[in-house]
Amino acid sequence: MKLKKVAMGITVVMASSLLLVGCGSSDDSSKDKKSTDTKQTETKKTAKTDGTMTDGTYKLEEKNFDDKGWKAFMSIEVKDGKITKANYDYKNKDGKLKSEDADYEKMMKDKVGTGPQEYLKQLSDSLVKGQSASSVQVVSGATHSSDAFINYANQLIQAAQKADTTTISINNLAKMEDGTYKLEEQNYAHGYRVVFSMDVKDGKITKSDYNYVDKDGKLKSDDAEYEKNMKAKSGTGPKEYIPALNKSLVEKQDVAAVDTVSGATNSSNQFKIYAAQLQNAAQNGNTDTIKVYNLVEAE
């Protein structure tokens, strides 16, 4: 098979009782606050900022069934900071899994050469092996499912990096709500981190602003030295590929259709992954800036 390569109510009667209750409430409130503060502190200690993953099980679910009656769900298990298991599948209203649907398997396999019994496992295995969304190999004949898997894997990894075990809800098929949606990496790699914003109006992407910024606020697209060095090696630089990616997203209105820029494949793939996540945010109408605690390899 071919592979193409984040409540109290109190009733009182006597005034003296009211005073006693009042004093008691104050003490309880103080204790509750102390307990809450302790929990918050513990959470902050657990949640990391260096991009490494916290052990646990992280889950994601689509909210809506597609036109064939399926919706995706996914989970990853992290142990010792590594993804040890990934489970990606679809279920119908009866709870039946697509991977166990013999008729669907036969129909799809006859058409494209692969079916859910093969490609679902293959995608999950690829994630465990590569340990990153960008390393997942697209399965020939299951491109749409592969793209969704990569997007969802990225969001689950981000959850693991923040130690957030809340199930991620994807409002798939929903129209994007108007607003500005932002994503920012928190850690610098080779002196830069990604900043990305997307404007939506009347359900359409009207502006895409993807770039990299250094600690002084300088943009990679304005870095003449970086441009010169990269262009000499790969034939393109941030001055060319960054605007090209932004333009392609606005024109195509579809992340999967965004053109990969020759000489900037890694940046193109990263752009698509983050753009898909911003589209999911827009479908939920969530304008909170997405903070990505990206893992930076030793430089």
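Cβ coordinates are placed from backbone N, Cα and C, and glycine is handled just like the others.
Pulled from TrEMBL, these are the features on record:
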- 28-48: compositional bias 'Basic and acidic residues' (COMPBIAS)
- 69-160: domain 'FMN-binding' (DOMAIN)
- 191-282: domain 'FMN-binding' (DOMAIN)
- 24-53: region 'Disordered' (REGION)
- 1-21: signal peptide (SIGNAL)
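Sorting each residue of the domain 'FMN-binding' (69-160) by its DSSP state yields 50 helix, 22 strand, 20 coil. Across all of the domain 'FMN-binding' (69-160), the predicted model scores a mean pLDDT of 98. Under DSSP, residues within the domain 'FMN-binding' (191-282) fall into helix, strand and coil as 50 helix, 21 strand, 21 coil.
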